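Features as listed in Swiss-Prot:
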| type | residues | note |
| --- | --- | --- |
| DISULFID | Cys42-Cys131 | disulfide bond |
| DISULFID | Cys44-Cys60 | disulfide bond |
| DISULFID | Cys59-Cys111 | disulfide bond |
| DISULFID | Cys65-Cys137 | disulfide bond |
| DISULFID | Cys66-Cys104 | disulfide bond |
| DISULFID | Cys73-Cys97 | disulfide bond |
| DISULFID | Cys91-Cys102 | disulfide bond |
| REGION | 121-133 | region 'Important for membrane-damaging activities in eukaryotes and bacteria' |
| SIGNAL | 1-16 | signal peptide |
| SITE | Lys121 | site 'Important residue of the cationic membrane-docking site (MDoS)' |
| SITE | Lys124 | site 'Important residue of the cationic membrane-docking site (MDoS)' |
| SITE | Phe127 | site 'Hydrophobic membrane-disruption site (MDiS)' |
| SITE | Lys128 | site 'Cationic membrane-docking site (MDoS)' |
| SITE | Lys133 | site 'Cationic membrane-docking site (MDoS)' |
Amino acid sequence: MRTLWIVALLLVGVEGSVLELGKMILQETGKNAITSYGSYGCNCGWGHRGQPKDATDRCCFVHKCCYKKLTDCNHKTDRYSYSWKNKAIICEEKNPCLKEMCECDKAVAICLRENLDTYNKKYKAYFKLKCKKPDTC
C-alpha cells in the first residue's frame, strides 16, 4: 500500500507528454526513464546545462533541441497519442505540432536504445553544476 501511495505522489507532478516519453523509453530500452535518465549527464532530465558527457547524454541534448523547434504546442502540458506495434513506435497524431512532439520523443527513445552501450553509471546522478558551457542547437 505504501508503494502505491509513493507512485501516486510521483505521478501528480507528471504533466503532458512526460508520461508518453517515459513509456517510449521503457519500451525501447527496457529502462525506467526517471531512475535511469532523470538526472543523467548534463542534458537528461530537467536542465540543459552543458556539453554532453557521452552519446547517451547527446541523445538528451538533441531531444531538447527538437523541443525548442516546437512553436504551437507545449511539451510540458500537451499530450499526444502513439501506439507500439511490432516493437515500433507509431505517432498517430493528426495535430501537426503534437505529431512533431511525438516524433521528438520517439527519436530520443530510439537514440537511447541505440546508445545503451555508452550508458555510464557515473553519469546517472550527475551533479549538473559540473557541466560547462552549453552546446548550441
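The backbone N, Cα and C atoms fix where each Cβ goes, glycine too.
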Those residues of the chain, 6+ apart, with a Cβ under 8 Å from that of Cys111 (disulfide bond): Arg58, Cys59, Val62, His63
Secondary structure at Cys131 (disulfide bond), reduced by DSSP to three states: coil
Listed recorded positions among Lys121, Lys124, Phe127, Lys128, Lys133, Cys137 whose Cα sits within 10 Å of Cys104 (disulfide bond): none
Site of maximum Cβ density within 10 Å, from disulfide-bonded residues Cys44, Cys60, Cys137: Cys44
Of Cys42, Cys97, Phe127, Cys131, i.e. the recorded positions, those within 10 Å of Cys60 (disulfide bond) when Cα atoms are compared: Cys42
Which same-chain residues, if any, lie at least 6 apart from Cys65 (disulfide bond) yet have Cβ under 8 Å of it: Cys137
Candidates Cys44, Cys66, Cys73, Cys91, Cys102 (disulfide-bonded residues) - the one closest to Cys131 (disulfide bond) by CA: Cys44
Shortest C-alpha distance to Phe127 (site 'Hydrophobic membrane-disruption site (MDiS)') - which of the recorded positions Cys42, Cys44, Cys91, Cys102, Lys133: Cys42
Cα-to-Cα gap, Lys121 (site 'Important residue of the cationic membrane-docking site (MDoS)') vs Cys44 (disulfide bond), nearest whole Å: 13
Pairwise CA distance, Cys102 (disulfide bond) versus Lys124 (site 'Important residue of the cationic membrane-docking site (MDoS)'), rounded so that it is a whole Å: 25
